[in-house]
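Asker: Pasting the relevant annotations from Swiss-Prot:
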| type | residues | note |
| --- | --- | --- |
| BINDING | Asp8, Asp9, Ser40, Asn93 | divalent metal cation binding site |
Amino acid sequence: MRILITNDDGIAAQGIKILEEIAHKISDDVTVVAPDKERSGMAHSLTLSLPSRLYKHDDRHYSVSGTPSDSVVMGIKEIMKDNPPDLVLSGINHGANLAEDVTYSGTVSAAMEGAIAGIRSIGLSQVYSPDFKNGALSFDTAVSWGEKVIRQLIDSTLPNRTFYNVNFPACENDDVKGIRVVAQGHRDYGRLNVEKGVDPRGKDWYWLALGEAISKDNLNGDLDLSYQNYVTVTPLAPNLTDVASLQPLTDILAK
């Protein structure tokens, strides 16, 4: 099995190194193609108005001066074009990708790009909690559960255009309750904040910052189950159609 690994935290990030170690337990044919620096929050963006640079670190490690989706495209269309990957793994993200996080996430969108190409694809994230080990991000649950989850999803009979969003809970490994397949949850709007300051030349600057929002998650959604110390797996698809609204909207526009 040929595995392509990417992320949105950059090729030097701890999470992608851990994911590579996990991948090598599954296959000895692993190639890493990741952004040359952190590209968090890039969603499914592509670099179309500028050239991209490809940096070869060795035969198995490459970095791209672009987005996570750029990296997947570069891996499939250039680096592995003669032997395309059978599996795309994206992560392990430094922090959760739960609920509406998936719409901003470069990690999840890189997995989406793989799915669009018809390749089995999985995005993986380690949930971060400020209360966990004095704010330190531990990948212990990802290390312990990652291989098992990936192997099970590889064997999935769902179409390859279905991809998976996996989140490992922020708890001690012994406290993980198991794996749950869940729907995408919901966060109340307000997690994004705008920080304002003044630069040395007296001009205003603005910085978007992620905070915590009080959330009334749907029961048994990914937020809810992650908070309960489950490894959550959510099947996603590139098709964003709100199927339940098709007929009501048809009725409205037919008037």
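Cβ atoms are placed via backbone N, Cα and C, with glycine included.
Burial and contacts for the listed features, if you can.
Answerer: For Asn93 (divalent metal cation binding site), the same-chain residues lying six or more positions away in sequence with a CB closer than 8 A to its CB are Asn7, Asp8, Asp9, Gly15, Ser105, Thr107, Gly123, Leu124, Ser125, Gln126.
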Asker: Within 10 Å of the Cβ of Asp8 (divalent metal cation binding site), how many other Cβ atoms can be counted across all chains shown?
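Answerer: Excluding its own Cβ, the number within 10 Å is 32.
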Asker: Of these binding-site residues, Asp9, Ser40, which scores lowest on Cβ atoms within 10 Å?
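Answerer: Ser40, out of the binding-site residues Asp9, Ser40, has the fewest neighbouring Cβ atoms within 10 Å.
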Asker: Centre the Cβ atoms of Asp8, Asp9, Ser40, Asn93, go out 8 Å, and tell me which other residues of that chain have a Cβ in range of the divalent metal cation site.
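Answerer: Here the non-site neighbours turn out to be Asn7, Gly10, Ala13, Gly15, Glu38, Arg39, Pro68, Gly91, His94, Gly95, Ser105, Gly106, Thr107.
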